[in-house]
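Colleague: Got a structure here, written out as structure tokens. Questions coming.
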Amino acid sequence: MIDTQALRAEQRLRASEVIRQDDFLVVPPAFIAGADVGFEQEGAVTRAAIAILRYPSLELVEYQVARVATTMPYIPGFLSFREYPALLAAWEQLHQKPDLVLVDGHGISHPRRLGVASHFGLLVNVPTIGVAKKRLCGKFAPLDEATDALAPLEDKGEQLGWVWRSKARCNPLFISTGHRVGADSALAWVQRCMAGYRLPEPTRWADAIASRRPAFQRWLQQHPEVSQ
């Protein structure tokens, strides 16, 4: 039996520790990572992939994939507790630690202000940004269908981040502070990491690596020097 009251209390405590302004050790970041989490074997295994890209070229220089036994069932609002063990395992495998991590998921744009990007950022003490594909909480004004349509994401009078249409006629991204990155900087860094797709390159690569997509398989054959 999962004690959700205890988890809520932990979320609120950790959320109070999140740094919501820029606190970079390396400016500009020399290496930017993307992190993506998924599940295998009907949820029994949690898989995390982290892709390390050199900035500003956005070339992939390292990737790591970790698989761990899933220790918590799916409970809405508590997904970070289910995902972070695999993220930590992948993080420990990295040879080159990044200066900034874009996480496929929410940062402070969470009912208790602790999505996986914030939770993971606190655990490894690295600047993180949440780049989510769906809204978890908050409201925003309707967006134009054009590329770069933008609106603040707000909840209870607080701006949690940005809703940004990165590509015309595609669903928008929900961008928020994870840890040690301000809201405006979070948006700016995601925009700097775009290369014509809906997703920024770091999380696009992490997703491709985690899913072993054909495009990644072809790329890997051409770049055997990239380390795992």
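All positions are counted from 1 along the displayed chain.
Placed from the backbone N, Cα and C atoms, the Cβ positions cover glycine too.
According to Swiss-Prot:
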type    : residues      : note
BINDING : Asp36, Asp104 : Mg(2+) binding site
SITE    : Tyr74         : site 'Interaction with target DNA'
Colleague: Could you round the CA separation between Tyr74 (site 'Interaction with target DNA') and Asp36 (Mg(2+) binding site) to a whole angstrom and send it over?
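Modeller: Answer for this pair: 17 Å between alpha carbons.
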Colleague: Which entry in the list of binding-site residues, Asp36, Asp104, has its Cβ near the fewest other Cβ atoms, using 10 Å as the limit?
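Modeller: Taking Asp36, Asp104 as the binding-site residues, the minimal 10 Å Cβ count falls on Asp104.
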Colleague: Please classify the secondary structure at Asp36 (Mg(2+) binding site) using three-state DSSP.
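Modeller: Looking at the DSSP assignment, Asp36 (Mg(2+) binding site) belongs to a strand.
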